[in-house]
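Participant: The structure follows.
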Amino acid sequence: MNNRVRVAITGAAGHIGYALLFRIASGQMFGPNTDIELNLLELEQTLPTLEGVAMELEDCAFPLLKRVVCTADLKTGMDGVNWALLVGSVPRKQGMERSDLLQINGGIFINQGRAINDYASDDVHVFVVGNPCNTNCLIAKHHAKDVPDDRFYAMTSLDELRARAQLAKKAGVDITAVSQMTIWGNHSSTQFPDFYNAKINGISAAKVINDEQWLQETFVPTIQQRGAAVIKARGASSAASAANAIVVGVNHLVQDTPAGESFSVARSSQGEYGVDEGLMFSFPCRREHGVVRRVGLEHGVVNVVEGLTFNDYSQAKFNETLNELRSERDAVKSLGLLD
C-alpha cells in the first residue's frame, strides 16, 4: 500500500502554482510510492480559474492523485495537511514602500500561520515561497505557536540552482560536477552565493575557475539579480524555474542528503554562525537519519553544516545579508506583526 500525503498550495492558480501542481501530482515531489491529495487555495475571485486548473489535473489522470479540493477558505485549505507550500503573496507594485509590502503580506501570513496551527496535521511541514519569503516565513512561524520551529522553511533552492548552473557554465563542466553550493542569508539581492566553499569535481570552485574578479564582480551580482534579469527579459517573474526549485527544495527535506553534499534552505536559526536565534536564515544543510512518521513519509533531522570558514570578503557579504534580515524582522515587529 502506498503512503499518502495531503499538500496545501496557496496561490495555486498563479504562474508558479500552475507550473508546480502537475509535477507534485505526477510524483516528482514525494516519489512514486506516495499518493497525493491536493488542497488548492486561492482568492475568492480566482476560484473559477482554479477550477479550470483542477479540471486539467483531472484530465491528466495521474495514478497517484487521489483528491483535489479548491477553496478560498483557510480552514478547509489547511485541514489535515502534512505539507503547506505557501506560494502566494502580494508582489511589490510601483510606488509601494517596502513597509507597505511587509504590512500587506504580514496580514496574509499571520492568518495562514494561525490556520496551519489550528487545522493542519500534527506532523505538518511548511515551505514558504511567497516573497519576502524569509520574513513571511518568520511571521507564519510566529503565529503557529504549537508547530515546532524546525518545521518551517523558506526557499533558497532557486538561488542555489542558479548558482550551480553559472559555476558549471563558467568552468565548462556538467552541472552534476558542482556540489556544496551554499546560499547564505536572505532570498534577496543581498544573498551571498558562497563560491569559496563550493566544490567542482570535489575541488574548490574558486581554484577551478581561478578568476576571483569574475567570481566577485560577475558571478555574485548575477545570482543576486537573476530574478530581476528574468523579469526584464520575459516580462514576467520566474515561474517554471521557481516551481522546479520548490520540487527540488522539498526533495531535499524528505530524502537523505548524499555524502559530500549539502543544500541551501532558510530555516529558524539556533545561533549557528552567530545568526540571531529564531531568524529565518539560509544555511547549508544536510538531511539525515530518517525516521518513519505516521503518514509513512520519512522526515529526518535537517542539520546545519557547521565549520565553514569565511575570508574578509565573504564575511562582509554574510554580515550584509544578516543585517538586512535583522532590519526586516525589526520592521515587522514595529508594524505589530510579531507580538
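Any Cβ shown, glycine's included, is placed from N, Cα and C.
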Participant: Need a hand: TrEMBL gives G11, A12, A13, G14, H15, I16, G17, Q112, V129, G130, N131 for NAD(+), which of N3, N105 is also on that list?
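Facilitator: According to TrEMBL, the candidate sharing the NAD(+) site with G11, A12, A13, G14, H15, I16, G17, Q112, V129, G130, N131 is N105.
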Participant: In whole Å, note down how far the CA of R162 (substrate binding site) lies from the CA of A13 (NAD(+) binding site).
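Facilitator: Per the Cα atoms, A13 (NAD(+) binding site) and R162 (substrate binding site) stand 25 Å apart.
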Participant: Give the distance between the Cα atoms of G11 (NAD(+) binding site) and R162 (substrate binding site), rounded to the nearest whole Å.
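Facilitator: Rounded to a whole number, the Cα-Cα distance is 23 Å.
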Participant: Quick check for you: of the binding-site residues R92, R98, Q112, R162, which have their Cα within 10 Å of the Cα of H187 (active site, proton acceptor)?
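Facilitator: Cα filter at 10 Å returns nothing.
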Participant: In DSSP terms, helix, strand or coil for N131 (substrate binding site)?
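Facilitator: Going by the DSSP assignment, N131 (substrate binding site) belongs to neither helix nor strand, so it counts as coil.
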Participant: Using a 10 Å cut-off on CB atoms, tell me which of the binding-site residues Q112, N131 is the least crowded.
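Facilitator: Checked Q112, N131; of these binding-site residues, fewest Cβ neighbours within 10 Å: N131.
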Participant: How many Å separate the two farthest-apart Cα atoms among the NAD(+)-binding residues G11, A12, A13, G14, H15, I16, G17, N105, Q112, V129, G130, N131?
Facilitator: 20
Participant: Roughly how many angstrom lie between the C-alpha atoms of R98 (substrate binding site) and G130 (NAD(+) binding site)?
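Facilitator: It is 15 Å, counting Cα to Cα.
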